[in-house]
Amino acid sequence: MSLSEPDHELVVAELGREPTAAEVALFENLWSEHCAYRSSRPLLSAFESEGDQVVVGPGDDAAVLALPEPDAADTPAAERDADDYGDQYVTFGVESHNHPSFVDPVDGAATGVGGIVRDTMSMGAYPIALLDSLYFGGFDRERSRYLFEGVVEGISHYGNCIGVPTVGGSVAFHDGYEGNPLVNVACVGLTNEDRLVTATAQEPGNTLMLVGNGTGRDGLGGASFASEDLAEDAETEDRPAVQVGDPYAEKRLIECNEALVDEDLVLSARDLGAAGLGGASSELVAKGGLGARLDLDSVHQREPNMNAMEILLAESQERMCYEVAPEDVARVEALAERFDLGCSVIGEVTDGNYVCEFAGAGKGEDDADDSDAESEVVVDVDAEYLADGAPMNDLASESPTQPDRDLPDPEPSLDEAVESVVSAPSTASKRWVYRQYDHEVGVRTAMKPGDDAAIMAIRETASTDAADLAPADQGVGLALSSGANPNWTETDPYEGARAVALENATNLAAKGAVPLAAVDCLNGGNPEKPEVYGGFKGIVDGLADACADLDAPVVGGNVSLYNDSVEGPIPPTPTLALIGTRKGYNAPPAALDADSAGDSELLLIGAGGADGGALGGSEYLAQAGGTDRFPTLPDTETKSLADRVASLAAVARHESTFATHDVSDGGLAVALAELVTDAAGADVTLPDRVAVFEETPGRLVVQTTDPEAVAELAGELPVLRLGEVTTDGALSLSVGDDETAFDADTIRELRGVIDRELA
């Protein structure tokens, strides 16, 4: 990729001269789709991003949110006021590493984790949790399995080594990702009002320092690489654009960053990600309306004879750029040495242009001493123009149409249908994935992977000593969910994206939590194709409308376009990561309770599709064939999505509730199968096949000993008695005139397809 002729003309007009080679490379990367959001930024104003809980919103390395006090944690966000929030903050961010993970799945995924963790650190926060949402081609394809295994290995190795638990996420398999997998990773950090740092440079005369690994040539041009379709030979030709991670250096950098923030040495910070040092340093000073003067020869390097462009644009990992007061430089250097990290004074903040000087006498380990070489100015541009001056694209779009109803004829038997849906790789157990993650490191994980949402314990004491830990009904439980369903958004981008938001919110509600805020990772194909851009617009608008109705401000995110290859574009994929709160962290599991079986009933809270139900976007149709319109979500005129979710959360928190599980991928067939244990089963009656397999979100299966109390809490939401909880460890289904049953061993075998195939 090179700077386009129209962009080149704009740069020449701005500079009043021809740009240098280093300037051309900087503009090429910082004005790329990956950095500048040239095709998506015009659409992003649809998102609401404000609220009393929002301390730092979109535009920084990560969002910062104030946590409610424990007694207000169950209250919906719209009903809280500013006084309900304390001085304890969480950071929340999400990133994609899609193209790199296709070329090199292990390093591509690993460095995606490293990048979002450093985004968290740059806000003065300590990372406490990761979530990964992963999308691959058909599980039956060898290439997809290779990418799947490599990506999970990369995430698990990096996350485990740095001591940050991966506590949740999602995995989907769909033929549309065969030529371009998606790796979306979210990170949550913990900080407070006194430790908050931003990526806004503060004052001319302050020192700019680089701390972390030495700069090499890996990841060169990564931003521009991520802004193009994947070519057929990308796996070999684009390998230099993939970064190489070092999790042990990242762990030392995490602890060093913590020490720097503890001593109040950091005035502003930015991690080195897309476009490397050039991107981080120019964006840092641009946000402050300032400039900088950098000495590129001062950058500590791990390879000899690097030129100015390589030093500026290499995306070598585990590096941070800090603004520091001149009198604190020696202390920063001492702390970097303590943690065995490289450290360089690379320049200063100015009130002029963004200027870089280079003589070719860098700090590479094998370089000869050439300190007498004369420096020349290789970059001299206005920082704000470089960071924010890219013109936006005005692209044509075509709105997608809903498919007609064409159900399979003859339809499979009930036995066959349930077996195929429960054993589908997208709905099957993901135990093979999360068992590779150390999800308990940090002693905060109260609800582990495999449930609807993870819950992290935010205690009122900072101690991790078991004797000091607060009871499970004290403190704030932080609920986390992330994911998207490509079947939904391929069928109907707008309604599918609304469903993605509601489904993630229902995951939180199933554990008794209400939404606090969201971040999104908007993935699409080549936006220059009108039908692709139309689908992308649909997921943006759908997600924006649903999050607004959920009272969940969208406080940050990431856009990844040009996920297109010789196989075609990916389905529009709006990964949503949602964070919620509840008082305490003792939530009902997604597993039936045998001890209360004789005294409890199984209820379904919430309606199916408002149009009587539809199977569009369902796993049932993905397995059996056929098409249908996407289900119409519940009417929000009389009861908002936020009110619906609050009612479901209240049900989950009620003392009579022993188990809860949301209905989503695979419909009730999968939800019920996942609830069954060796000791507890379910005997369920449903009116028809649509009721078994439709995937309308916003519904909760509840095991309760007090159905009347649950119905009262549900308010206007429909309540359907599904049947009884049994002690035989079997799922028995009566659907119209059909009946079928599966014992716990059979269900375990069906759901264990990924473990079995990858053993």
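Glycine is no exception: its Cβ is also placed from the backbone N, Cα and C atoms.
Of all the Cβ atoms in the protein chains shown, 25 others lie within 10 Å of the Cβ of H34 (active site). The active site feature in Swiss-Prot is assigned to H34; the stated evidence is sequence analysis.
The ATP binding site annotation in Swiss-Prot covers Y37, D520, G557, and the record cites sequence analysis as its basis. Of all Cβ atoms in the shown protein chains, 19 besides its own fall within 10 Å of the Cβ of Y37 (ATP binding site).
Contacts of N558 (Mg(2+) 1 binding site) defined by a Cβ separation under 8 A and a same-chain sequence distance of 6+ are given as V94, E95, S96, N184, D520, C521, L522, in order along the sequence. Look at Swiss-Prot and you will find E95, N558 tagged as Mg(2+) 1 binding site, backed by sequence analysis.
Mapped onto three states, the DSSP output places H97 (active site, proton acceptor) in coil. Marked as substrate binding site by Swiss-Prot on the basis of sequence analysis: S96, H97, N98, H99, R118, Q243, E315, S316, Q317, S560.
In sequence order, G108, A109, T111, G112, G115, V183, V185 make up the list of same-chain residues 6 or more apart from H97 (active site, proton acceptor) whose Cβ falls under 8 Å from its Cβ. Annotated active site, proton acceptor per Swiss-Prot: H97, in sequence order.
Non-local neighbourhood of D271 (Mg(2+) 2 binding site): D61, G115, R118, D119, M121, S122, A280, R319, M320, C321, each in the same chain, at least six residues away, with C-beta under 8 Å from its C-beta. Marked as Mg(2+) 2 binding site by Swiss-Prot: D119, D271.
Note on the region 'Disordered' (388-422): DSSP counts are 10 helix, 1 strand, 24 coil. The region 'Disordered' annotation in Swiss-Prot covers 388-422.
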Cα-nearest neighbour of Q317 (substrate binding site) within the listed recorded positions, H34, Y37, G557: H34
In three-state DSSP terms, the structure that Y37 (ATP binding site) belongs to: coil
DSSP three-state assignment for E315 (substrate binding site): coil
Spatial neighbour of N98 (substrate binding site) that is closest, considering only the recorded positions H34, Y37, G557 and their CA atoms: H34
H34 (active site) to G557 (ATP binding site) - Cα separation in whole Å: 12
